[in-house]
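Below is one structure, written out as structure tokens; the observations come after it.
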Amino acid sequence: MAMAPSSSLPQVYPSHVVVAVWEWQDGLGIWHPYSATVCSFIEQHFVRQRGQHFGLGSLAHSIPLGQADPSLAPYIIDLPSWTQFRQNTGTMRSVRRHLFSQNSAPGQGIVWEWLGDDGSWVAYEARICDYLEQQVARGIQVVDLAPLGYNYTVNYATLTQTNKTSSFCRSVRRQVGPVYPVTSDIAVPRQMGLICFCQQCLHGSGTGPVSGRYRHSMTNLPAYPAPQAPHRTTTVSGAHQAFAPYNKPSLSGARSAPRLNTTNPWAAAPPVAGNQSLFHSSLSHLGPQLLPSGPSTSSGASASFPSGPSSSSPGSAPTTVPVQMPKASRVQQALAGMTSVLSAIGLPVCLSRAPRPTGPPASRPASKSHSSVKRLRKMSVKEGAPKPEPEQVIRKYTEELKVAPEEDCIICMEKLAVASGYSDMTDSKALGPMVVGRLTKCSHAFHLLCLLAMYCNGNKDGSLQCPSCKTIYGEKTGTQPWGKMEVFRFQMSLPGHEDCGTILIVYNIPHGIQGPEHPSPGKPFTARGFPRQCYLPDSPQGRKVLELLKVAWKRRLIFTVGTSSTTGETDTVVWNEIHHKTEMDRNVTGHGYPDPNYLQNVLAELAAQGVTEDCLEQQ
């Protein structure tokens, strides 16, 4: 039964006492909170085990949810991987931990729910519950959920939720129950030196967390055009302060081909507050297959959770989590010499040239608010433009050296004075195995045949990137699948940017088939958590970042297809090294506001991908 909210709910929560809410993510990217009782059980395990070194599948670090709620007997949470695992089906779901003030809705045991078509009540995610509670406490009877990425309004007077596009209504209610657990493990993120374990920071390469990646609010990221942005690589002394992206490997298959990195992505400390929030948006252009069953959609589909917690017969606690990462084949090992260099410094592993993007599916015409990004569906390479020959690209950006320097080629790991390690794998009439050259801007030296092999394993778009310092030659493009980017604006301010409104970016990428530039050409790929909502301040610098993100989207640089480092799922769409703010406030996870250095840092990340203000002048 719905109850009136407390009128004493403050607008800002000054208390340092916090409560923890654990949520799981369904296949459509929607987050669902566990009950307060289950959250208390999970939190006890989490606080007790933080700081320990986890082993994948260790019983000590697997939380059997059936011990807290018998209806959840098939489910366990594996803390090292931040994953909920269903034993009888093998389904894996991401989980996250959010911290709220003790004066918030979760801290008072308040849960808002909506009525599904099957007559069951479904809880909103905790952040929405808290937002609804704050707005109602201010005396707002009709609460618009647009700032959180939802196309709904909630009317407190009539206790209904209305789809703003279809006018379809559902009943809602406000319940008061047990409070969520108070936690002593706040772990407020520091400004510098803290490793980030989010999906954006854990690349789709399946190589685990980056040991030493800078935090989002890091203050000393190098400004463009400094090429040596710190990533997972380690600096070594030398004439050019080059980067050593991996230890010198043992030989397998082709000469000097490094072994593919198959590091366990779960063998690391978990994030403080889970993964980034991925909010649902039922914008009318989205196909019904991309819309979750709740909150309400125009089709009125029933709410269901096919792979999340559900009623089942009780079972015993598991002993292991049967998760297996794919093993590297000999072909992958041979390719690693060219591609692991790029993946190690935060670039997607590309196997061939990018496919020509296909036209978008039939949908309604874009409104005026959409028109500014509709053109981003097209690739930056003009239709029918001839692609240069690979040897021509290498010659264009290099100078041949008569005498090879006394150093290693970091692509094949052989001395520059001896033949290229790819001489038995790459055929070229124009470039011999002993030919050595240096890149014209950064002066780093390589076997030209190694550069050719690296280029041929990429998009072959006429651009080249130095594997040592990341200097870009030409216009770099990525492997992002086809999708849609839309931009909206609303008046609510972001914390730290109270003098302006907010820009909402909605990315939507559907499931599809991988092209020749992806890890498994011809096979399907998944796109979890779309549409994804991201936030920028509507300030001059925020608008500049927006325009550069449009360029990055056009060049297919924002997402790629790879292995999720949080769930281990292969052939799925993952972020590609350009960090986005997916939460509006409470910057506990590093993906919200306030963050005074975010705009400066994302400009540096865009510059590292070759997207600078000069690109705007060329448009």
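In case you wondered, yes, glycine gets a Cβ from its N, Cα and C as well.
The domain 'WWE 1' annotation in Swiss-Prot covers 7-97 and is backed by sequence analysis. Sequence annotations record features per position, and here Swiss-Prot assigns domain 'WWE 2' to 98-174 based on sequence analysis. As annotated by Swiss-Prot, asymmetric dimethylarginine applies to ARG213, ARG215, ARG232. As annotated by Swiss-Prot, region 'Disordered' applies to 243-271, 283-328, 355-389. The N6-acetyllysine feature in Swiss-Prot is assigned to LYS248. Here Swiss-Prot flags ARG255 as omega-N-methylarginine. Look at Swiss-Prot and you will find 283-318 tagged as compositional bias 'Low complexity'. Taken from Swiss-Prot, the feature compositional bias 'Basic and acidic residues' applies to 380-389. The zinc finger annotation in Swiss-Prot covers 409-470.
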Confidence summary for the domain 'WWE 2' (98-174), mean pLDDT rounded: 91
Helix, strand and coil totals (DSSP H, G, I; E, B; other) for the zinc finger (409-470): 9 helix, 10 strand, 43 coil
For the domain 'WWE 2' (98-174), the number of residues DSSP places in helix, strand and coil: 18 helix, 30 strand, 29 coil
